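So that you can see what the record holds, here are the features copied from TrEMBL:
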- 112-132: transmembrane segment (TRANSMEM)
- 114-579: domain 'Major facilitator superfamily (MFS) profile' (DOMAIN)
- 152-172: transmembrane segment (TRANSMEM)
- 179-198: transmembrane segment (TRANSMEM)
- 204-226: transmembrane segment (TRANSMEM)
- 238-262: transmembrane segment (TRANSMEM)
- 268-288: transmembrane segment (TRANSMEM)
- 462-481: transmembrane segment (TRANSMEM)
- 487-509: transmembrane segment (TRANSMEM)
- 530-548: transmembrane segment (TRANSMEM)
- 554-575: transmembrane segment (TRANSMEM)
- 609-634: region 'Disordered' (REGION)
Amino acid sequence: MLDLTRGLLSRVRSAPAEELRSSFEIERGDFSSDGSDLEMDDVNIDHSHHDAEGKVKLPLADADADAEEPRATSLPPFHEGSQEPLGKDAHGQHIIENKESVYSYFNHNYKLLLVVQCAFTGFYSSIAGAIYYPVLSVIEKEFHINEEQVNITVVVYFLFQGVAPSIMGGLADSLGRRPVVLSSIMLYFVACIGLARSNSYSQILGLRCLQAAGISPVIAVNSGIMGDITTKAERGGYVGYVSGFQVIGTALGALIGALLANRWGWRSIFWFLVIGSGVCLFCSFIILTETKRTIVGNGSVTPASKVNYAPVLRVKPVRNMLHLDRPERESLEPRVKINFLAPLDVLKNARLNILLYIAGIQYATYTTHQTALSTVLSTKYNMKVLDIGLCYLPTGLCTMTTVVTAGRYLNWFYRRESKKHRAWLHDQIKQIAAERKITEEEAKEITDNDPKYIFNLIEVRLKAGFVTLVLSSIGYIAYGWCLDVKAPLPAVLVCSGFASLFSNCILTFSTTTMVDLFPSKGSTATGCLNLYRCSLSAIFIGCLSRMAKAMNYGGVFTLMGGVNILSSFLLFYLTRHGKEITFERRKEEAAFVEAANKLKEANALAQEKQHKSSAQFDEQAVTDGHASDPEHIV
């Protein structure tokens with residue numbers, strides 16, 4: 001990790017300014033009807049979307065809407081004197097007025113560094129569950145408990161993994177990404193020390209809750225970080241990379257746990273997590289820069305609070321890359337107040353609850369199949385801990401492969417469909433203008449305020465979801481019956497790997513969709529997704545033992561696979577109403593920005609009045625002082 005960090009920083013340091021600036025990208029339209037890439041977060045800073053009085057309007061189609069790709073603008077090299085400073089801010093930094101703000105000053109190399117950092121933290125969230133599976137039978141014997149009780153230690157982990165991100169995600173959207181990530185890793189670090197020294201079942205149970213509550217928010221915050229620094233055309237790829245490397249913990253966790261437990265006992269798996277999370281905490285403290293756009297804008301604004309300030313910002317090449325000496329404060333977005341009920345704003349959307357349920361039930365099937373594998377291999381196949389860990393390898397590797405591939409697919413498909421939509425919309429605008437005998441600008445206003453002309457973001461993100469859900473469900477049904485009849489081990493592992501190959505695609509699709517639809521609440525939206533998937537996982541794992549006794553494993557996974565297949569048909573409902581959902585979210589984001597701008601104006605007026613009042617008071621004091629001075633008495 002440290003070597004990779006040094007390598008990426010050296011690339012940032014050695015790159016010339018022209019090369020760094022050429023990688024800066026400008027977002028042009030997130031919810032705009034032409035399918036181009038303007039983030040609704042940017043409505044308040046893009047002056048083309050304000051009327052003469054400065055009020056926010058819904059974003060209209062750009063003049064270049066028929067461009068083939070979302071544009072990446074190369075900026076000319078900065079020369080001293082090429083832009084006139086307007087003055088200095090509270091930090092003594094020059095404030096430069098730019099006609100159009102760069103969406104993100106984080107270049108490609110630094111984005112990759114943040115991907116590695118996010119994946120590194122996410123790794124310790126995903127591995128904490130998987131590393132525990134091979135030692136379930138060992139824990140059961142160690143503390144003289146039954147199978148149902150040991151499964152509860154898995155259940156409580158998923159419960160807190162679901163609830164914590166919903167709360168902490170709102171804090172990350174208000175206070176910033178960096179303080180939430182650091183506090184989460186710290187809490188996880190402490191919990192792992194306690195688990196390594198536990199001497200009773202109750203201690204294991206309580207500390208597993210603390211462990212999950214500590215590390216689980218980083219998954220949601222990681223999605224928020226990717227949303228802060230990436231355009232929508234590239235977001236699927238970056239989210240896919242982060243998710244893919246995060247699931248390395250799932251891929252290798254069981255094997256690592258088996259190796260450690262086989263050599264040094266079950267406590268060693270928690271000491272491993274202590275050491276790893278300690279290194280992760282140190283690296284995050286040094287290189288994890290604040291990305292929340294209400295705090296740093298496009299990266300050029302230095303965080304005012306020390307908790308948001310990363311030591312790496314003192315490195316000159318990084319300062320130059322982020323343009324910290326010439327902050328673009330117009331890129332700052334409206335502040336989001338701390339609201340622990342923020343998840344309700346997401347969950348009140350009934351249609352999006354359908355998407356959260358589909359992703360959640362699929363993830364619940366995935367985790368239930370992992371839990372069952374450990375129990376069956378230990379009891380029916382009489383395998384040792386090390387051999388059980390090796391049997392998780394096909395599942396993990398297939399999961400990692402599919403998540404990365406799904407992200408790359410999203411990028412490719414988005415670009416293709418966006419290009420088609422722009423061409424179609426261009427023809428529609430011309431047709432409307434000709435039929436109604438109006439100008440094309442007036443026709444654009446009509447299309448921008450009619451949902452049927454808007455870019456169907458939901459369909460683009462979820463179109464492939466149906467096929468992947470059906471294929472994975474078939475794999476899980478076959479897997480269940482293989483366990484039931486005690487089929488040869490290769491058959492069990494092939495079915496497990498096949499199901500996992502398609503199972504987690506829906507998580508990448510749904511995560512990217514939620515970040516796209518809630519750009520100002522990316523962490524909160526992803527936290528709601530975690531709430532669904534982890535809560536459903538906890539329910540099914542908690543019932544697994546009794547379900548297996550009642551209907552055997554073949555019946556359990558036939559039931560869960562059947563529910564998944566039936567649920568997948570709901571995707572057609574979402575894609576059919578995708579334009580309406582996107583249009584509604586566009587209006588809600590615009591209303592949020594308008595309200596925030598009004599609050600800004602009110603605060604500015606209040607400060608101006610206070611300043612005038614203070615100036616008058618000072619002037620009166622000076623006058624009174626002169627009047628009482630004998631030298632000024634005539």
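For all residues, glycine too, the Cβ spot is worked out from N, Cα and C.
Heads up, TrEMBL stuff is auto-annotated, nobody curated it.
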When you check the transmembrane segment (268-288) against the transmembrane segment (152-172), do you get at least 3 Cβ pairs under 8 Å, counting only pairs 6 or more apart in sequence?
no
Under 8 angstroms for C-beta pairs, at least 3 of them, ignoring pairs fewer than 6 apart in sequence. Is the transmembrane segment (152-172) in contact with the transmembrane segment (204-226) by that rule?
yes
Counting Cβ pairs closer than 8 Å to the transmembrane segment (204-226), the top stretch among 112-132, 238-262, 462-481 is 112-132
Grab the pLDDT values for the domain 'Major facilitator superfamily (MFS) profile' (114-579) and give me their mean, rounded.
87
